[in-house]
Structure formats: structure tokens, C-alpha cells
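Q: Would you mind keeping the following structure in view while I ask a few things?
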Amino acid sequence: MDGEQLICEWGRICAKVVSYSGVDTAQVNAFFSRLQPQAMSEGFLMLTADNEFIRNWVETHYVGLVKQALVDLNGIEYAVLIEVDPSQSNPAGNMAAMPQMASAPADADPSEEGASANQAPQTARAECEPPVQSGSGAAASLNPAVMSALEAARERAMRSAAAQMSAERVETVAVPAPVEQTAPSAVVEKPRRSSAFTFENYVIGDSNRVAYSMAVSVAENPGGTRMNPLFIYGQSGLGKTHLIRAIENYIEANMPHLECVYVDAASFVNQYIDAGAEHDRNKQSYRNFQNKYEQADVMLLDDVQQLQGKKQTLDLFFQIMNNRIEKGYQVILSADRAPSNIDMDQRYISRFNSGGTFDIQPPEVETKLSIIRNFMRDYEDMNPESTASLSDEVQNYIAENSSSNIRELKSAVTKVLASIEAFENDVIGIADVRRLLEDHFSGGAMKKTTIEDIQKACEEYYRVSHADLVGPKRQRDISYARKMCMYLSREMLDIPFAQVGLAFGDRDHATVMYAVNDVESRFTKERAVQEEVETIKKIIRNI
């Protein structure tokens with residue numbers, strides 16, 4: 001099979017994978033763009049990934065779907081081999097070589113493309129034949145996605161040469177680290193760049209690995225991937241700002257000819273208000289404000305959810321964002337919730353979801369330990385004369401009992417180290433740490449939460465009265481709020497079902513168990529329910 005046929009066949013496999021029900025098209029696009037087909041014969045397909053992480057992720061999560069697609073398309077089972085080839089680390093080239101993969105309808109029939117095993121091999125081979133050059137309409141039988149793939153194959157040599165020239169100016173590595181910085185041309189006065197936010201010092205765990213990998217891809221090739229806009233979301237304190245500022249730092253350090261503009265949504269709103277106040281004196285104030293962002297090669301907006309309810313500002317930002325994306329410039333956004341949970345018109349949400357959307361989950365204990373140890377190393381570097389240290393036991397205690405907020409975690413370590421320094425002790429015990437941090441965290445085991453706190457938070461969130469929450473009413477909205485409240489009571493307080501039932505109108509053990517199991521089942525499947533739980537927990541912490 002020649003190169004063009006191989007690219008064509010790989011494109012059909014990719015399209016088949018995203019046609020399956022439940023497949024996250026944006027995630028498939030992001031990962032499959034980092035794969036290249038190398039060889040294919042009857043019963044065998046070889047791919048290469050540009051790094052170990054991409055290979056491992058695809059093997060774990062998608063190789064089964066690739067094999068299923070091959071069976072559906074060709075009627076026989078295939079062995080799929082994925083090797084690592086760091087030399088292909090060129091997201092732009094990979095993206096271009098992979099045909100556009102549209103989302104399939106939710107009710108799409110996975111077997112639609114290959115009606116039978118007997119027909120599939122002939123269909124696959126027929127569709128992947130190179131076009132016969134016999135007139136202006138010779139290639140008309142090929143679908144646009146395949147034509148795009150074939151064109152990409154023809155231009156690969158040109159891209160390779162361009163990439164080689166670019167590599168002489170910028171060294172691309174799997175985990176980019178800032179090099180000597182060159183001051184970018186001044187387009188907009190912007191916050192001083194902080195070298196504290198880099199990819200190199202970002203602690204990676206299972207909770208943030210995908211978002212990190214996609215951020216690196218965009219930083220290496222801004223505007224050149226399908227992840228435009230790149231939308232990263234997760235609750236406060238999980239490292240979203242670190243990640244998008246790391247993109248900014250990497251681009252400014254390695255591509256000084258590109259202009260990056262970072263702004264948080266609150267500042268964007270204030271700048272728009274200031275432009276309005278100045279309009280009587282300067283009729284160009286709105287235009288000047290807009291130009292600041294429309295002249296940027298990379299625009300980064302933090303906490304986009306703060307534009308809720310700011311219709312005029314949101315409309316202007318939407319106009320700027322569309323302008324940047326349509327012209328091939330990169331837009332990067334962050335929020336504390338998924339686009340679908342932001343209170344905005346559907347057109348904004350659809351645009352936010354049109355590129356790559358990735359979430360950051362609360363860190364697991366292992367990631368918290370890595371953060372603590374990294375922070376300790378930084379502390380020792382900045383305070384070389386200090387003898388303060390934390391035993392493994394103390395580090396584990398802090399990691400296991402802290403909230404998910406990374407800023408609070410670092411603040412807790414600082415507080416413990418400061419106490420050691422103040423009392424001139426070299427070490428500190430668990431009992432002392434427990435007393436010291438008892439009221440420090442906004443959540444976690446160190447804060448005493450009551451069932452009344454949980455009920456109050458649920459009443460506030462779901463807008464139901466206390467009487468309805470604990471009473472006999474069975475309307476759907478009240479019943480759902482009651483179930484969620486029972487689930488949180490059980491999950492956060494770890495008390496018996498019967499004790500939970502007493503606080504809800506003396507309901508029996510079985511009723512509470514059913515409610516808890518129902519919410520647990522939804523929680524494992526539905527991202528919206530997970531976000532509801534996190535939002536209510538945040539309310540509880542603030543009570």
C-alpha cells in the first residue's frame with residue numbers, strides 16, 4: 001500500500017472511530033493527530049506516536065476502537081502496533097495529515113459503513129484507490145475528507161522542509177522549558193510575565209495529564225492545530241491559570257515574533273467599562289480597546305465564566321474571538337466549569353466547544369505529594385540556610401487531609417515550615433500539624449462539617465425550603481435535591497444510613513440507601529452531576 005492509500009485508509013479508520021456512540025470527538029482528534037500510519041497489510045496496522053504518553057494513552061483508551069473499526073471496514077481482525085517516533089513531533093503536520101472527523105449523531109449505527117463482512121474489504125479498497133487522472137472530474141468520487149488527506153500527503157515534503165527550517169530557530173522538546181527570552185514587540189501593555197508558571201514545574205498526575213498534553217501541543221504550534229479555541233476547565237485552585245500562563249511563557253520565550261495577550265475576564269470587563277467612560281473624550285476608545293486584542297497572535301482569557309450576565313462585553317469578546325480564530329490565530333480560554341454549565345447563550349457555548357475542551361480534576365493524593373515535594377525543594381533553594389523539613393509521615397498527612405485546592409495546599413506547607421522556623425525546631429509531629437492546620441483548609445477532613453451545613457447548602461443551591469427538603473413532598477425537583485443532600489451527608493460525614501434518615505423526616509435505612517446509590521450511579525457517568533457536587537461542596541465550605 002503506497003503512502004497516499006495509507007493516509008486515505010487511516011482517515012477512514014479515524015472517521016469510523018468517531019462515528020461510534022459515546023466517543024469524545026474532540027479528544028479523539030487531539031490524540032489521533034499525534035499518530036502517523038506507517039504500514040498496513042492484511043491483518044496488520046503499524047502506527048507511530050510522537051511520544052510515550054500519547055502511545056500509552058491510545059493503547060489504553062482507543063486501540064480497541066481502532067481494531068473494531070478495522071473489522072467493520074475490512075471484515076477481518078487486525079493486530080495494531082504503536083511505536084514511538086520523537087522525530088514526528090510536529091502537531092501541525094499530524095493534524096493536516098488526519099482528515100477532518102465530524103461528530104457522528106448520537107444514534108449513529110456503528111455498522112452503517114460496512115453493511116457486511118463480505119462487502120467491507122472491497123468497499124475499503126475501492127474508496128482508497130488513488131484518483132485516476134482522466135479529466136477535470138477525475139477525483140470527484142473521493143469525499144472531501146479523503147481529498148484533504150491526499151493533498152496533505154503531497155504537501156508533506158514541503159511541511160517537512162519548513163519544519164526543518166523552523167527547528168533551526170526553535171528546539172522543540174516533549175516537555176518544553178523556557179529558554180533565553182527575547183522581548184516581544186509591544187502591542188498591548190500587559191501583566192509582567194511570571195517565570196513561576198512553566199510546563200517544567202507543572203506537576204503532572206492522572207487528574208491533569210490530558211489537559212497538560214494538549215496545552216503543550218498548542219504551545220508548540222499556536223493556531224496550527226484543531227484545538228482552537230483551547231478550553232481548559234476545572235474548579236478553582238487546580239492549576240488552570242498555571243497551565244495557560246505556561247503556554248504564554250513558552251510561546252514568548254521560544255517564538256518572540258508572536259504577540260501573546262493574557263487577561264482575566266474581570267480585567268477584560270473593567271477595561272471595557274473604562275473605554276466607555278473615556279468615550280466622551282476620545283471617540284476611538286472602544287476601537288483602541290478592541291485593537292489591543294485583535295492585534296494579538298495568541299489571546300488567553302482566564303475565568304471566562306465571569307462574563308456571565310455581561311452581555312455587551314460578551315458580545316464584543318465573541319466578535320474578537322471569532323476574528324482571531326477565523327484568521328488562524330490562537331485563542332485559549334479557562335473556566336471553573338464546563339462550557340455547557342456556563343450561563344450563556346448556546347451560540348457562545350457551541351463556539352467554546354468547537355476546538356479542544358479538556359478538564360482538570362481534583363488532584364489525587366499522589367499528585368498532592370508531588371506538589372508538596374516540589375514546593376519543599378523550591379523552599380530549600382530559596383532558603384539554603386534553613387534546616388526545616390517535613391517527614392514523610394507529615395507530608396502524607398497533609399496530602400491526605402487537605403482540600404483539592406493547590407493554593408491552599410502550598411499555603412499549608414508554608415504555614416508548617418514557618419512554625420518550625422519560629423520555634424526553632426527542625427521537625428514537627430503529626431499532632432502539632434493537626435492543631436496548626438485545624439482551621440486552615442476550606443474543605444477536607446480537617447474541617448468539621450455538620451448535616452445541617454449540608455442541608456443549608458442544598459437548600460441554597462436548589463432553592464427549596466428546609467420544610468420541603470426534609471418533608472414528604474415528592475415533586476421531581478424537591479426529590480432530586482433531597483437525594484443529593486442525602487448522598488452528600490453520607491459521603492462527607494461517613495455516618496450510617498439510619499442516622500442520615502433521622503435528619504430527613506425520620507426516613508428509613510432503605511430509602512436513604514436507594515437515594516445514595518442513585519446519585520452515586522449518576523456521579524460516575526455524568527460530568528454535570530460531578531460539577532453539581534463540587535459546587536455544593538464549595539458552598540458548604542463557605543458556611
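All positions are counted from 1 along the displayed chain.
A Cβ is built for glycine as well, from the same backbone N, Cα and C atoms used for every other residue.
Annotation source TrEMBL lists ATP binding site at Gly237, Gly239, Lys240, Thr241. Feature annotation from TrEMBL assigns compositional bias 'Low complexity' to 95-108. Here TrEMBL flags 450-519 as domain 'Chromosomal replication initiator DnaA C-terminal'. For 1-126, the entry in TrEMBL reads region 'Domain I, interacts with DnaA modulators'. The feature region 'Disordered' is assigned by TrEMBL to 91-140.
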Q: Find, among the binding-site residues listed as Gly237, Gly239, the one whose Cβ has the highest number of other Cβ atoms within 10 Å in the structure shown.
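A: That would be Gly239, with the highest Cβ count within 10 Å.
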Q: Restricting attention to the region 'Domain I, interacts with DnaA modulators' (1-126), give the mean pLDDT.
A: 72
Q: When secondary structure is assigned with DSSP, how many helix, strand and coil residues does the domain 'Chromosomal replication initiator DnaA C-terminal' (450-519) contain?
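A: Taking each residue of the domain 'Chromosomal replication initiator DnaA C-terminal' (450-519) in turn, the totals are 52 helix, 0 strand, 18 coil.
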Q: Near the Cβ of Thr241 (ATP binding site), how many other Cβ atoms are there if near means within 10 Å?
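A: Summing over all protein chains shown, Thr241 (ATP binding site) has 19 other Cβ atoms within 10 Å.
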Q: Output, ordered by sequence, the same-chain residues six or more apart from Lys240 (ATP binding site) with a CB under 8 Å from its CB, or 'none'.
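A: In sequence order, Ile232, Tyr233, Gly234, Asp302, Ser334, Ala335, Asp336, Ile360 meet the Cβ cut-off.
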Q: From the centroid of the CB atoms of Gly237, Gly239, Lys240, Thr241, the recorded ATP site, which same-chain residues not already listed sit within 8 A by their CB, in sequence order?
A: Gly234, Ser236, Leu238, His242, Leu243, Ser334, Ile360, Ile406
